[in-house]
Structures are given as C-alpha cells and as structure tokens.
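Engineer: For reference, Swiss-Prot lists these features for the protein:
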- 1-113: region 'Disordered' (REGION)
- 27-45: compositional bias 'Acidic residues' (COMPBIAS)
- 43-95: coiled coil (COILED)
- 46-62: compositional bias 'Basic and acidic residues' (COMPBIAS)
- 86-97: compositional bias 'Acidic residues' (COMPBIAS)
- 98-113: compositional bias 'Basic and acidic residues' (COMPBIAS)
- 215-237: region 'Disordered' (REGION)
- 217-229: compositional bias 'Basic and acidic residues' (COMPBIAS)
Amino acid sequence: MPPSKWDEEEEEGVSPPPVAARRRFDDEEDGDVLDSWDAADDSEVEREKAAKAAEAKAKAEAEAAANKKSKAQRIAEHKTRRKAAEDEEDDESDEDEAEKRARLRRTEKDSDLKHAEDLFGDIDLNRNRGKNKTIVVHDASGDPTQAVDLSAMPLFKPATKEQFTTLSNTLVPLLTAQSKKPQYALWLPEFAKQLAKELPSGDIKKVASALTTLSNEKMKEERAADKGSKKTKAAKTKVSLVASRSDKIETTAYDDDGLDDDDFM
C-alpha cells in the first residue's frame, strides 16, 4: 500500500536535531576563562622582557670584555707613562731658573682654573682668554655714531713681523709727540709694565736690557752735549772780553791840564 500523502509530508518536514552548544559546568565561572587569557598575555610579556634583559646583559658583557685590558697592556701603558715623566724631568733640567718659575706659574694657574671648573660646573672659564676685547673710542661730543672700534681694525691685529712694525710706526709718533708734557715721564713706566706683564720673565729681562742700553746711549749723548755746550760758552765769553777793549786813540794832552806847579805845593 503506497504511503499516504500525509506520511510523505511528515517525513519531509522532520529537520535534523540541533547541535547542542557547550554548556558551562556547574563549577565553572566566567572569571576563570578571563583569567586564563590574562595569564597567557602576561606570560608573553614576561618572555619579551626576559629576552630583552638577556640581550642587554650579553651586550654589556661583550663591551666589558672589549674594554678589559690584559696584564701586558697595563704594564705597557705604565711603562709609557713613566718614560713620559722621565722625559719631562730631563727637559726641566735643561731650562734655567727663570723659565722654571714661569712654567711653575703656568702650571699653578692651569691647576687653579681646572679646580674652578670643577667647582662651578661646565662654565667655560677660558672662552675669553686670548680674545681681543672691544675697544671703542668716542669723540669729544660723545656721539655714539662717531665711535670707532679700534679692535676691529686690521692694524691692531698684527701677526707677522711686518705687521708689528707697521703698528709701531703708527703708534710711536702719536705717543712720542706727547713726550714734552710733564705727565709723560710719569705715565710711561706704568704703560710699559702693562704692555709686558703677560710676557715670561725671560722676555721681560730682554725688554729691560734694551731699555738699559737705551739709557746708557742717552747718557753718552747728554754728556757729549754738555761738553759741547761748555766749550761754546767759554769761547763766547773770551770773544766778549776781547771785544770790550776800546780801540779809540787817546788824544788828550795831559801836560796842559790847567794846573800850575804851585797847585801841588
């Protein structure tokens, strides 16, 4: 007997059973699932940190190994420093007492500067050393537009012998033109001291020797001038005495003076 139409419709209308979703156990909570994910993330971060720390440690060990000096290297460096110190002592023995004092002063000054730098930090105490100071000259009116910056002129920045000669030829006539003034002789010694104070003592001795030589030459010239002046004065006096004698012929007759013989009686 063929199946009825109703049976066929019933069979076609039956659907497969749905797949049951995973159900949470009674003893399982939502927080447990979240904790497991957090733990996984934390472990990954820890592994990355450990890898970076290991890399940094390996790098530091490599640098330390590269910088570490062997015993032979340390001995060689010690010998080099000792030889340099001995060479310096030999050089010091060849210098005279004045040069030694000047060198000691320079060393002491450099030491003081280094100590000051240590005290005051990174201040550059030497930045203005050797640097030309700005020298601005104003006219009598005080007008700033008429000011002249002498330090900017090439004349005042000599470097060669010829340039120093040019500077001397420019300044000497200007200064010596004031030599007849009373204050000139009082001003010049202090001016010379200021010009020479930055020189070593040996160079200052040379300057003093040159001035002594100049003084001796001037004394000879003055003595010679005095002798010549005395001779000229004596000659003028003699000529004056001779010229004062009268060359007039005496014509007075003394036998007829208006007096009789009885006047003497």
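Every residue number used here counts from 1 along the chain in the order it is shown.
Yeah, the Cβs are placed from backbone N, Cα and C, and that goes for glycine too.
Where in this structure would I find these features, and how exposed are they?
Structural biologist: When the compositional bias 'Basic and acidic residues' (217-229) is classified with DSSP, helix, strand and coil residues number 13 helix, 0 strand, 0 coil.
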Engineer: Counting by DSSP, what is the helix, strand and coil composition of the compositional bias 'Basic and acidic residues' (46-62)?
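Structural biologist: Per DSSP, the residues of the compositional bias 'Basic and acidic residues' (46-62) fall into 17 helix, 0 strand, 0 coil.
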